[in-house]
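Working notes for the structure below.
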Amino acid sequence: MIRLDRAKTMFFSNVNHELRTPLTLILGPLNDILADRETATLSRDTRDKLTVASRNAHRLLNLVNSLLDFSRLEAGRMHASFKPVDLASLSLDLASLFRSAIKKGQIAYEVRVPKEKVEVWLDVDLWEKVVFNIIGNAFKYCLAGSIEVRVTRGPHFAEFSVTDTGCGIEESEIGRIFERFHRIESSCRSQEGTGIGLSLTLEIVKLLGGTLDVQSVIDEGSTFYVRLPYGSAHLPANQISSGTEESEGARRTYQNISIVEEASRWAIEKPTSDLGSGSNSGSDPATSSGSDGVTSDDALSIRNSVILLADDNADMRQYCRSILCKKFQVVDVADGQAALSYARQFSPDLVLSDIMMPRLGGFGLLKALREDPATQLIPVILLSARAGTEARVDGLSAGADDYLPKPFSSKELLARVTTHLQLGKMRRELEKRVHERTRALVESEVRYRNLAEEYSAVTNVSPVGIFSLNSEGNLRFVNPPWYDISGHPRDSPLDEWPNSIHPEDRDTAMAIFNNLDKHPESTTFEFRWLHGEHTQCDIRPQFDSDGNLTSWVGSLTNIEERRRLEILHLQAVEQRATDAEEMRRQQELFIDITSHEMRNLNSGIYNSADLVAGSLKVLHAAARDHQEGRPVDVFSLLSALDQDREAVENIMLCSAAQGRIADDILRYSKLSMGLLSISKSDFHLVNRISEVIAMFSLESAQKQIQLSLVVGPGVVENNVEWINADPHRLSQVLINFLTNALRFTVTSQMKTIIVRADITTVIPEKSPTAMRVGDYDLDLNTGRQLWLTCGVVDSGRGLSPEDRAKLFERFAQANPKTDGVGGYGLGLFVSRKIIELHHGFITVESREGAGSTFSFSVPVSRAQPLVEKASTATSGSSSEQASGTGAEVSLSPLPSQPSAPRAKADTILQGGHVLIVEDNPINIKVLVRQMKNSGFTTTTAENGQIALEILLAREADTTQPEIDIVLMDVEMPVCDGLTAVGMIREYEATGRLRRKKVIAVTGNARQEQLDVCRAAGFQHGIAIKPYRLPELLALIQEARTIP
């Protein structure tokens, strides 16, 4: 073995010496041509080719030198010349040569050496090989991150280290990296190399008297350490230089610098899977020459072919591209992974790939292409430096279409590429046609099979009975539903089917069937079967291409259900007509009742006003008599004043009643359109109920009815003062209950009405004698939920069970013919809908002669007291305005606050000036008189435009009194209130007007209209007509007291 190893080493040495001679003869003339200034006329293409040849010849020379050095080391004939050098300075100079190449590769590069001298004994040429090999190896395997070169001075030795953040080395491979010819498969910039670089470096380090170690973590990087002892005691005495010998550095400079140049090309050709890394070159085949063995017919067939070239050697890619781009479009990439990504995305016509490449080699690329159905037909030609039959067989066995060993001629490459492009296109075309023909056959088979299945499914599951007759009219085919419709026994012969027709219709039906051949046209008729069900029969004739009758196709449709639906539809139409007539009658009755109620109230208002007018005449005459000294009958005057007071009370009561009628009609219309909704807020329970009761104090006093409020123990026990619900809608329900109670109690001997309110933690129990109405939610009965029960108990004459059953129907009254208590049949209907919106219910308990109790129960939640300003003067509430209330004629801020009682008229701030903007002259007169009687001075305007002019004039004229309050109608000609208040706010923002307090006085009552008013600028309040003066004054005072 020793002799064999010695012989092998001698062989390598002899071969390397033999190689150096032709390399010298190649490099010498090439360098002379490139360096000679007289050759400057060389074309760029020629110079590029010569440069490639020179560069690769130098690379080959470097490999030969490495093999020669290795053989000399093994043979023990490598002699070093040691001399003292500064390791820090020398290593810094050598490492700096890599800076440009590493920077191009976008790698951070840092060299750290101590400032002081680090003297060791070295052979400079050998140390140059060590440094270049280690740094070049680090750059080769570091694709991103950083490389750090460091020289450190230790106590016993100097250390040179190179650290990279590359792919790292597997733990199992660390022990083998210094073996001869061993290569590690990993991500790197190039697969080129012989596998002796680190082995040679290790032997050189040993020759220098040092040690070489490595530390590496996979995917984190590696560090190579070279440790050199100080002094020369460890070196052979015969290899220590005296200092007079010339260094071999100059002689070996280019051999080592070639490593740097090769690394620089790695940086330029950084492998990546980005498709943009491939270059696309080519020319139009139609304009190319027909040389290089490619005929014009070949060019026409492959004129748009795209060739994907994959090789990690940039010179090889450039060489192949220069050959192929004359005829084809060439896309080149630096590794197999990039080639695979491009092929999957763009599907080239041919792939020309090297075998040895980083990330993914040629065989891996070939395997991936063949496994992907989208790329498996692409021709693949493998390029390799491995020659011989065995290598060719390996490549073709792996699935390649051809195997081309290096070196090769340009004509051979072009011919093979052209041939496989043509074969590949023919293969793809044949494959395409086979697929199309196969797909067409499969689709045809599926189509016919589906048609058969569809026909069978249609005839079997169709609800229609299908049959066919021959040209003579004999039945020859029926589907299963035909038996179901006809009732003909399945085990009976088909020619006996006429026996299954109803006897009364048999003759008529058979006459039609028997005359089919006489009149070959489509026909439709109806008849009955024995089971009595009606059937519609449709028959259509079938003709051949000559117009001869061949058969009949017919269908049976059971129309019993259709006839039944037609009857039901007719009945429904008749019922709707009856209902419509009944509705019309009820609406007429409602209109009559409402008209009667309104006329009675208008009559009361008119006559009471007439009485007041007569009394005023009497007062006027008495005043004149007193002025002229004639005696005045004081008793008569007092009596007239009492009558006037009573008449005024009647006017107020009639107005309130008219408002309630208008409210219920508007709420009913909102219910009909689905617009009625609830808006919950926090309010004081007892105060709110008290406000509603106060609305009826005048009417109850006039009718001598005792009206009182009783608060249940649950309010105190559960510590409930404030609750969260819709106070306005609940007030509407309570108003309806009180209105009905007053009507039915006025004729009773004992006239008492009690309003009860209580809070419970569970749904109130139902009395056995009570009737409960409403779609309430039992799921709300939880421990955290409170239930408010508020009812009205009256001492009226009570209701019969028949009357109670229809109380909550639309336009319904208990007994309109005999009651004599008025009403229009909407109040309780609307109340029920409001309570259902709250998920509650209404309870009615009544007996004839014993009075009635109407109460509602709704789920509520406990709330905390809050302080709100009164911003809306309505006849009951701002939310009530959403339903157009006019029944609640009091102006009350919502929610009502016990801590902010309404101001009385006698506490209103006096001396203010009010601008009244109103287009109705009667309303103007009333408002002017009311304001003057309350201590204000006034100015009037007929529309918003005049009001703006007055405000601007007063702003400019300081001699005129300042306007404190603006009472403005909304609906006016020329300029309405919304436009006017918007302009006022705009003028305030621009400084043309000081801040004005504008209150809307409007008949618009819907919540949407009120929201529009507030948004337009009526922030200081809204008064809904008809309003009450004391509360309008309170609203004015509140507006004057706030900024």
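Note: Cβ is positioned from N, Cα and C throughout, glycine not excepted.
Features as listed in TrEMBL:
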type	residues	note
COMPBIAS	276-296	compositional bias 'Low complexity'
COMPBIAS	871-884	compositional bias 'Polar residues'
COMPBIAS	890-901	compositional bias 'Low complexity'
MOD_RES	ASP354	4-aspartylphosphate
MOD_RES	ASP969	4-aspartylphosphate
REGION	270-296	region 'Disordered'
REGION	869-903	region 'Disordered'
Helix, strand or coil at ASP354 (4-aspartylphosphate) [DSSP, three-state]: strand
Neighbour tally for ASP969 (4-aspartylphosphate), based on other Cβ positions within 10 Å of its Cβ: 26
Integer Cα-Cα distance in angstrom, ASP969 (4-aspartylphosphate) to ASP354 (4-aspartylphosphate): 93
Count of other CB atoms lying within 10 Å of the CB belonging to ASP354 (4-aspartylphosphate): 25
